[in-house]
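Undergrad: Okay, here's the structure, questions in a sec.
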Amino acid sequence: MKQQPLLGFTFALITAMAWGSLPIALKQVLSVMNAQTIVWYRFIIAAVSLLALLAYKKQLPELMKVRQYAWIMLIGVIGLTSNFLLFSSSLNYIEPSVAQIFIHLSSFGMLICGVLIFKEKLGLHQKIGLFLLLIGLGLFFNDRFDAFAGLNQYSTGVILGVGGALIWVAYGMAQKLMLRKFNSQQILLMMYLGCAIAFMPMADFSQVQELTPLALICFIYCCLNTLIGYGSYAEALNRWDVSKVSVVITLVPLFTILFSHIAHYFSPADFAAPELNNISYIGAFVVVCGAILSAIGHKLLPHKNH
């Protein structure tokens, strides 16, 4: 693989910005459209676009191989559909900056599953990173502990957000197994098609007609975001080291906070400012530091000589 650091960084940054801005746009659409319908449109547009691309490149997955991996693909579809639905639903109860802080639970969930299923070893840097993640989350929610005392609107949103991040691990593990026979784009195509089929009975297509001009713009962006985010992510991995791309991706929650402030500044009537105190901002930074340490800590911490 030819290294192109500048292009790799650019695509990784586009990915982080796309994923960071997504919940802000989603929240606008959710005021008119239910989560199932939004998710179906996102999946079907991504699936059709990717199908056309792979057909043009003559790289469509072989049917025989697809049948061999049907059960694994089903697990992945369940994980991805649940992730999209739970994350979108959480925005009905909590603000985007809170929903996005849980994104790193997915990567740590993958690490733990790697230890339990594939017998991989958890490095010291990953253990410290996990510790920082927990500390950071505690700081982030420093003024919200009372909200977790019972099942209320806020705690419901948090439960949905955490559930969405953790269930994504099922997709991540399925993808890891399927990479033995398919490339990443072929896997995404199969997952997108499977998810679109799963959500079709639940989608209410008439809700598109009820979108306001702002909600329509946000809706179109949400649909394109899947292609922009995952497409840029794939291009970044083709041009730059995985560990370096991962570091940039850890900035997603910070971009969500930044974009929330920018959106509120330009249109306070439509976009709410993040309700975070100074300790919460520190907590968000600590969460990101924990994720960065987990991604590249092996290069920062001294190795033992054997």
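Residue numbering: from 1, along the chain as shown.
From the backbone N, Cα and C atoms, a Cβ is placed for every residue, glycine too.
What Swiss-Prot lists as domain 'EamA 1' is 17-142. Feature annotation from Swiss-Prot assigns domain 'EamA 2' to 166-296. The transmembrane segment annotation in Swiss-Prot covers 6-26, 35-55, 69-89, 98-118, 122-142, 154-174, 186-206, 211-231, 247-267, 281-301.
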Undergrad: Are there residues at least 6 beyond the ends of the transmembrane segment (247-267) whose Cβ is under 8 Å from a Cβ of it, and what are they?
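TA: Sequence-distant neighbours of the transmembrane segment (247-267): 9, 12-13, 15-17, 19-21, 23-24, 95-97, 100-101, 103-104, 233, 236, 273-274, 276, 281, 284-285, 287-288, 291-292, 295-296.
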Undergrad: Within the same chain, where does the transmembrane segment (186-206) have neighbours whose Cβ lies under 8 angstroms from its own Cβ atoms, ignoring anything closer than 6 residues to its ends? I mean 6 or more beyond.
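TA: For the transmembrane segment (186-206), the far contacts come to 33-34, 36-37, 39-41, 43-44, 46-47, 50-51, 54, 59-61, 66, 73-74, 76-77, 80-81, 84-85, 171, 175, 178-179, 230.
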Undergrad: Against which stretches of its own chain does the transmembrane segment (154-174) lie, if we need a Cβ under 8 Å and a gap of at least six residues from its ends?
TA: 72-73, 75-80, 82-87, 89-94, 98-99, 102-106, 109-110, 113, 117, 144, 147-148, 191
Undergrad: Please give the sequence-distant neighbours of the transmembrane segment (211-231): residues at least 6 beyond its ends with Cβ less than 8 Å from one of its Cβ atoms.
TA: 14-15, 18-19, 21-22, 25-26, 28-29, 31-33, 38, 41-43, 45-46, 49-50, 188, 270
